[in-house]
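Taken from TrEMBL as is:
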- 5-425: domain 'Major facilitator superfamily (MFS) profile' (DOMAIN)
- 41-62: transmembrane segment (TRANSMEM)
- 74-95: transmembrane segment (TRANSMEM)
- 101-120: transmembrane segment (TRANSMEM)
- 132-150: transmembrane segment (TRANSMEM)
- 156-174: transmembrane segment (TRANSMEM)
- 234-256: transmembrane segment (TRANSMEM)
- 276-294: transmembrane segment (TRANSMEM)
- 301-323: transmembrane segment (TRANSMEM)
- 335-359: transmembrane segment (TRANSMEM)
- 371-391: transmembrane segment (TRANSMEM)
- 403-421: transmembrane segment (TRANSMEM)
Amino acid sequence: MVLLSTFVAVCGSFEFGSCVGYSAPTQSAIREDLDLSLAEYSMFGSILTIGAMLGAITSGLVTDSLGRKGAMRMSASFCITGWLAVYFSMGALLLDMGRFFTGYGIGIFSYVVPIFIAEIAPKSIRGGLTTLNQLMIVCGSSVAFLLGTVTTWRTLALTGLVPCLVLLIGLFFVPESPRWLAKVGREKEFEVALRRLRGKDADVSKEAAEIQVYIENLQSFPKAKMLDLFQTKYIRSLIIGVGLMVFQQFGGINGIGFYVSETFVSAGLSSSKIGTIAYACIQVPITIVGAILMDKSGRRPLLMVSASGTFLGCFLTGASFFLKSNAMLLDWVPVLAIGGVLLYIASFSIGMGAVPWVIMSEIFPINVKGAAGSLVVLVNWLGAWVVSYTFNFLMSWSPTGTFSIYAGFSAMTILFVAKIVPETKGKTLEEIQACIDS
């Protein structure tokens, strides 16, 4: 039942990836069909993140009040509305409205899916299962990239409905998060849900008692507001969660990912399709490797290796544009550009893509998880908007400078992880809290 519940939840992650991956293969077709300027298309590409920021602000409240399943239903409904608006759009207004609605939906998905998985999974496989969130994000993105090379942009919009419909149907067959049920005082449903997740013959008394004790201890705390997160007892968790999201986004992932096709063309490739297909295909197997290693090597080593790789990838890509602008070694320019971008996305996929979300779902006490999750996801999407909106303008200024900025953030990530981020592998959520508090 844990696996089925996880599969249903990560349909939301697949939808997340479909939304993020939509703009890259459709850029030239949408601009041509609807006669959009570069600024108008940049707004279309980035307004997804504006919607996601609003989703992030409300994600904690929605998830805590409606429950994890209720929040996923709401998210899917917004995404369905958004895709239909994109499909029927004849101009920038309806196109942007549809993109905004899908953004709001995935803003909530980006919070509730890893939280739901972390709360239902046994500690021995929690990291690996939570990593499926990122795996399905890259699967959704990769499928959107690949389908976008062979279908029209309107048809591609319709394919975004599929994971939402699967999720809405699947939610009828899986239990609610036991920890949320315990938190809201639904004792009988809590025990039933936990037993369904662990199996009929499993002894859940110890785990149920631990959860109950933890929840009872939290009842003595007043309901947390966002400003409460800046208290001394929460500040380390906040720095870790917010810091990882800042470095994840300002390493450039959404600029590179949203406009990868145009990046390859700018680097001198005659056709962007080969590079785009390779970009799409490499993410999935590397993310699977990261998921396997998550509960074996731990979170910190994956982050260190990942950030080192994104640094090198940005360096190589920036070098390719430097050579092109100075008319040096021109035969090597496309090779370095493709190699750098593929190294970047492979490195990102093995660690920086998934691990910050896993750690975010682990480090906050349940009494502040809603407020903390909203803030952390808001910061993530704010960074995504800044990067995705400014990418085209930065590339017009200096492609080499753009990738140098991203490389600098990757280098800072290595230092941040080495000095501040704790290892959470193999610990219960309650043990992680004790470790951070100490």
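Including glycine, each Cβ sits where the backbone N, Cα and C put it.
Any TrEMBL annotation is an automated prediction that lacks curation.
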Same-chain residues at least 6 beyond the ends of the transmembrane segment (234-256) whose Cβ lies under 8 Å from its Cβ atoms: 20, 49, 228, 263, 303, 307, 310, 314, 341, 344-345, 348, 352-353, 355-356, 359-360, 363-365, 368, 372, 375-377, 379-380, 383-384, 386-388, 390-391, 394, 402-403, 405-406, 409-410, 412-413, 416, 420-422, 436
Confidence summary for the domain 'Major facilitator superfamily (MFS) profile' (5-425), mean pLDDT rounded: 85
Listed stretch, out of 41-62, 132-150, 335-359, 371-391, 403-421, that has the most CB pairs under 8 angstroms to the transmembrane segment (101-120): 41-62
Segment proximity, the transmembrane segment (41-62) to the transmembrane segment (74-95), 3 or more C-beta pairs under 8 Å: yes
Same-chain residues at least 6 beyond the ends of the transmembrane segment (335-359) whose Cβ lies under 8 Å from its Cβ atoms: 110, 114, 118, 127, 130-131, 133-135, 137-138, 240-241, 244-245, 247-248, 251-253, 256-257, 260, 263-264, 267-269, 275, 278-279, 282-283, 286-287, 289-291, 293-294, 299, 302-310, 312-321, 323, 403, 413, 421, 424
